[in-house]
C-alpha cells in the first residue's frame, strides 16, 4: 500500500467535527516542574487549582471561546446509531493527519433501538431521549472516513466483540505511529472497573475506502491508585478515563493527560480559600461542593513505546468547582502549551 499522510498545520485547520471546551490554561511547559521521579523526575510540584473564581470568569456568550449554535435540522451522520465523543486520527505531537487523502475519525457509538419495547412510550412512539440517555452502557469504538471532511462513511467497529476486556469502550485517542500505517488506540476500558488501555492495529486504504484492521490485543496500562486519583472503592461514581498521550516538545518524553478525580473518600474533601479563590460577594457558600473533585491527571511513559507508565500527581484540580474534566488534551503552538478540557 502506498502511504501518504497529510499533516494539518493546526487543529483548527483540520476541524471537521466538533469543539467542546470549558476551560483552557497555558504554560511554557506541561511538565517543566518534574525533576526526580523514577521516570520523569521529582514530583514535588503543586497542581494548578481551577478555583470557583476562575470558573466565574467563563463567558458563555463569548463567540471566540464557545461552539456555535447548532440548529435542530443540522444533518446527522447516521440515523441508525448514536454518535458522541469524536476522536480524529493524530500523531503524538497532536497533529491531526489524513492518510492517502482520507480523513479518519473514531467515535463513541451505540445502536439506536426504535423498535425495542423498552424504548416505546405509552402510545407506542419511540422515546429517543430515553434511548440516548442509556447509550453509555453499550458504547463501542467505531470509525468513519471521508474525502471531504463533511460526508462521512461508516467503517464499523474498531475492535470485534469480545476483544475489549470490559463491557464498555469509552473515549481516548487514536495515534498514527509511522508510515506503515500502525495505530495505537489509547482508550478506556469500563465495567467492571475503569482502566486506561491500549490496543494496536493498522490502517489500510484504497481508492474505495478505509479499513482499520488487527485491533485484537488489548493491554491495560493503569488504573486509579487511591493516592493521587480516586478509586471506585472511595467513590462509586468516580471518574477515570479519556487518555490523551503526547510527546512533550520540551523534553521529548511521552506523557499522557486523562480525566480523574482527586483521591479521597467521597465527601471528605475540604473546599477552602484556595479552592474558592477571590470570589465576589455572594459566591462564598460551599454547600455540597465538597463532592466535586475533578482533576486532569498526568502519567509518564518509560519510553516512546508507551508500554509502561507511571502515574504522577494531577496537573489541574477542580475541588469544589467541577466533578468532570473530560477529554483533556494539549495543543502546542508558538512555544506555548494550551490545555483544553470539557
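Going from the start of the chain as shown, residues are counted 1 onward.
Quick reminder: no glycine exception, Cβ is built from N, Cα and C everywhere.
Features of the protein shown, as given by TrEMBL:
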- 171, 241, 242, 324, 325, 326: substrate binding site (BINDING)
- 242: site 'Transition state stabilizer' (SITE)
- 323: Ca(2+) binding site (BINDING)
Legend entry - Output field, substrate shell: CB within 8 Å of site CB centroid, site 171, 241, 242, 324, 325, 326 dropped: 239, 258, 259, 327, 328, 341, 342
Legend entry - List of residues, in chain order, with Cβ under 8 A from that of residue 325 (substrate binding site) and at least 6 apart: 259, 260, 294, 295, 296, 316, 318, 341, 342
Legend entry - Neighbour count (Cβ, 10 Å) for residue 324 (substrate binding site): 18
Inset, instruction - Just jot down the residues in the same chain as residue 242 (substrate binding site), at least 6 apart in sequence, with C-beta under 8 A of its C-beta; none if empty. - result: 170, 171, 172, 188, 258, 259, 326, 327, 328
Legend entry - Same chain, 6+ residues apart, C-beta under 8 Å of the C-beta of the residue listed as 'Ca(2+) binding site', given in sequence order: 239, 261, 291, 292, 293, 294
Inset, instruction - Have a look at the binding-site residues (171, 326) and report the one with the fewest Cβ neighbours inside 10 Å. - result: 326
Inset, instruction - Tell me whether residue 323 (Ca(2+) binding site) sits in a helix, a strand or coil according to DSSP. - result: coil
Legend entry - Residues satisfying Cβ distance under 8 Å from residue 241 (substrate binding site), sequence separation of at least 6: 170, 171, 188, 190, 194, 196, 258, 259, 326
